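Chemist: Okay, handing you the structure first.
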Amino acid sequence: MKVTILLICSCLAWEGLGKPQFPDQEKDPLFWNTWAQRTLKNALTLQKLNQNTAKNLILFLGDGMGIPTVTAARILKGQLSRQSGEETQLEMDKFPYVALSKTYNTNAQVADSAGTATAYLCGVKANEGTVGVSAAAVRSQCNTTQGNEVTSILRWAKEAGKSVGIVTTTRVNHATPSAAYAHCVDRDWYSDGEMPAEAVEAGCKDIARQLFENIPNIDVIMGGGRKYMFPKNQSDVEYPGEKKHFGTRIDRRNLVEEWNNRMKNKNAHYVWNKKELLSLNPNSVDYLLGLFEPGDLPYDLERNNETDPSLTEMVEVAIKILKKNPSGFYLLVEGGRIDHGHHEGKAKQALHEAVEMDRAIGHAGLMTSIYDTMTVVTADHSHMFNFGGYTPRGNTIFGLAPILSDVDQKPFTAILYGNGPGFKVVNGLRENVSTLDYEENNYKAQSAVPLSMETHGGEDVAVFAKGPMAHLLHGVHEQNYIPHVMAYAACIGQNRDHCMSSSGASSLSAALPSLTALLTLIRLLC
């Protein structure tokens, strides 16, 4: 009843009173002209390109973070700070360069996270469901692996002497992170317990095993996926009585123990909870393995603040460890559960995940410099998520549209999915959402087509970039272009010729801000 009354009142306010709810200053043209002129002046400063060599590279990957998700997350971020929301800036909004990425897989118009990860990490487009292999490999066919392996920018960075890290809110052997180190024809081969016997017998390796064997000594690994590292039926350290969290490895190997033994003289630490993580002194840690859940990490809205680290906290520790290397670092950060929230039709979970990733982006910016660090933010694909309905300014992003349907005379939320689990018919009619708590964390937004799991969307996704050579990300690009640009900026991988002739100038350019500050200080002292 309360929700229905609120709906009626909001409709009356919107349609009857005609009084737009926005700041009085916005009525003055001077407000908008001043804002635009300030933006113009900032844009003009970009005419002097940052052509430094990137010492550090950071890729933030919002899994499933299509453009509608970015916009809705922006509004949510503002509303969490008691603002209207629409005028808010995400951290990624502040990046000076923006491009669009075409996400299709070689064999799929609407992509999956595995083939796309191969594109933006390895630089080649691939088939859906495969990681770290070219399109000549066929999903689930083990014998198409050998000879079709492709390497990632994480490996290129490691071979160039940089420190490398992976931070994710999903399993560390999930689709996105696995393309950084694995070569596997099936993204679901998390451990040998998920592989068909014939694939194991044919010599194909599970993804968890490849994490520790393919690229020796990845400096920082943080996320979930603990159960795939332990022998089958071994109880979990955090959930000892829950069988669904028991180890899955048929080969009886304990990959964590093997890692500890191999790294025992290398300032290496294995942690499995927030307390252990934050008790570390990054200055005395060279290698870190953090596995905080048997599977994926919990949604940020459901996270236990005492035991589970946030994405921002993991990123902070990772950068503190990696930046000690004078040659720099490469860091892959995945906000992976944006995707899961959308698949489940739980828009509130998905958008809070996006806001938390944006918080991590801002924190990473405070810990690094645009003079020597290239940061890229993008998504692997979009989702069948959107919002609309002529909502008024400041309407809660999870709220109702101000009008009733002129077909079934029922209210609807601004957020809707094209397909997914939110489809529901009651007595032959669309469910009346005013009888539900549509702002509850796990509310499943209505969808047009019933599916147990909502699907990905096929439109282009945004690429935000700042730092050295960020201007090379512009216009509309194939997704596999991204690692080529990042490698070019850092003088790693196959694009190094330009570094030989311009390294001196680049180094000088990068040092100028510090040199200017030093000269100013000397002048003051003298």
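Every residue gets a Cβ built from N, Cα and C, even glycine.
This is the feature table in TrEMBL:
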SIGNAL    1-18  signal peptide
BINDING   D63, D339, H343, D380, H381, H456  Zn(2+) binding site
BINDING   D63, H174, T176, E334  Mg(2+) binding site
ACT_SITE  S113  active site, phosphoserine intermediate
Chemist: Determine which residues of this chain, when D63, H174, T176, E334 are set aside, have a Cβ within 8 Å of the centroid of the Mg(2+) site's Cβ atoms, and list them as they appear in the sequence.
Modeler: L61, S113, A117, T168, T169, T170, A175, P177, G335, G336, D339, D380
Chemist: Rounded to a whole number, how many Å is the Cα of D380 (Zn(2+) binding site) away from the Cα of T176 (Mg(2+) binding site)?
Modeler: 9
Chemist: In sequence order, which same-chain residues at least six apart have a C-beta under 8 angstroms from D339 (Zn(2+) binding site)?
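Modeler: Those within reach of D339 (Zn(2+) binding site), by Cβ under 8 Å and sequence separation of 6 or more, are D63, G64, S113, A350, H383.
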Chemist: Rounded to a whole angstrom, what is the C-alpha distance between H174 (Mg(2+) binding site) and H343 (Zn(2+) binding site)?
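Modeler: H343 (Zn(2+) binding site) has its Cα 16 Å from the Cα of H174 (Mg(2+) binding site).
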Chemist: Inside 10 Å of the Cβ of D380 (Zn(2+) binding site), count up the other Cβ atoms and send me the figure.
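Modeler: A 10 Å sphere around the Cβ of D380 (Zn(2+) binding site) contains 30 other Cβ atoms.
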Chemist: Name, in the order they occur in the sequence, the residues of the same chain whose CB lies under 8 A from the CB of E334 (Mg(2+) binding site) and which sit 6 or more residues away.
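Modeler: Set apart from E334 (Mg(2+) binding site) by at least 6 residues yet with Cβ under 8 Å, we have F60, L61, G62, D63, I166, V167, T168, T169, T170, T176, P177, G223.
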Chemist: Could you check the binding-site residues H174, H381, H456 and say which one's CB has the fewest neighbouring CB atoms inside 10 Å?
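Modeler: Looking at the binding-site residues H174, H381, H456, the Cβ with the fewest others within 10 Å is that of H456.
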Chemist: Under 8 Å Cβ to Cβ from H343 (Zn(2+) binding site), same chain, six or more residues apart: give me those in sequence order, or none if nothing qualifies.
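Modeler: Non-local contacts for H343 (Zn(2+) binding site): G64, H383, G420, M453, E454, T455.
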